[in-house]
Amino acid sequence: MLKNNELISLLIKKDLTFVTGVPCSIFKDFLIYINDTGKLNHVPATSEGEACAIASGYYLATKKIPMVYMQNSGLGNSINPLTSLLDKAIYGIPALLLISWRGEPGKKDEPQHIKMGRITLKLLKTLSIPFSFLPPDQVKAAKEIEKAKLYLKKNGSPYAIIVKKETIESCQSKAEEKNIYSLTREEAIKIILANLKGDEAIISTTGKTSRELFECREIKKQNHRTDFYVVGSMGCSAGIALGIALTKPRKKIFIFDGDGSVLMKMGTLATIGHFLPKNLFHIIFDNNTYDSTGGQKTVSNSADFSRIALACGYKSAKIATTQKELVNFVKTIKFQKCPSMLIVKIKRGSRKNLGRPTKTPQENKIAFMKFLQNK
Ligand SMILES: Cc1ncc(C[n+]2csc(CCOP(=O)(O)OP(=O)(O)O)c2C)c(N)n1
């Protein structure tokens, strides 16, 4: 496997020193290394499309080639800037895309990765973005990076290096991470569930939030039909919830969101604030990280979600930092003016033995749609 220090040295040697993107667990160790050592200039982005834009700005200002890392699911978020900003047919911006390959055909992966895994290479071909694979061997990796750099310089448009699982060696963070808050996401979910009537619809975001909600139901032997577990489509749970809330005004609709997911599609807050559904409760579990992909920092510590929500039109927005504050909020939930936001400040991390939903997305959809038909 390729060692992190070797990979970073190869990149620096080729004057590739600026990197931006949204994480994938495949880049977990690479990101730990660059954040710990500060060897690359790193700007974490809120969406992959935004990362392409940041990279373009860097190129315009420095004439130097930027790198954009993303999960292949984020290629979807990048297609617009890739075709209308970076492509040679328009401005022509050379950027090295480091794309992790989830759902690689022939390898077992989660349902949300299957389709994109199958079409990733075809999509790159359609986009006229040449690609190669990052070899786990240092000498071969050096050759691929050299080849990529030559292409980027000669053609002035993007080139992709595909990174498969287990190409980069694992590494432990040396940085001391202080957890300011005491509640875990799973504890917060349990407290909320214990104080709901049980007939509310819950739309939960991708990653560990949906996995934990699913397991909380299993542990309590509760039915899953009230929950819609969004296992991909990062940032979309609030939009899904809005679509339901507007058409089912008599049902209480809850969003269990993550700070990274909200940041990825923050425009949805404005749409919710414009349409003002009176039955929508937006709960954000804010751990200031992309916990599900390895705990990389988000920028939520400098974004005041409660003020943003209120400025967008939400009728109430509160912050809970302790168990007591959370319990108080859920106990008084029927008095909250909606759309209402609650930001629950939680600590990073989750249980080691956390499972995954055992129901398929189709089974989940069918049961949930039936539930929505009931009054
Ligand atoms: C478009 C897209 N980019 C990246 C990912 C990889 N990914 C899955 S979960 C996740 C982190 C979500 O962070 P947050 O919403 O803060 O929730 P947390 O994991 O902290 O609970 C990421 C980056 C993805 N699924 N989709």
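Cβ coordinates come from backbone N, Cα and C, glycine included.
Record features (TrEMBL):
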DOMAIN    7-108  domain 'Thiamine pyrophosphate enzyme N-terminal TPP-binding'
DOMAIN    206-342  domain 'Thiamine pyrophosphate enzyme TPP-binding'
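Within the model, the domain 'Thiamine pyrophosphate enzyme TPP-binding' (206-342) shows a mean pLDDT value of 96, rounded to a whole number. Across the domain 'Thiamine pyrophosphate enzyme TPP-binding' (206-342), DSSP classifies residues as 64 helix, 28 strand, 45 coil.
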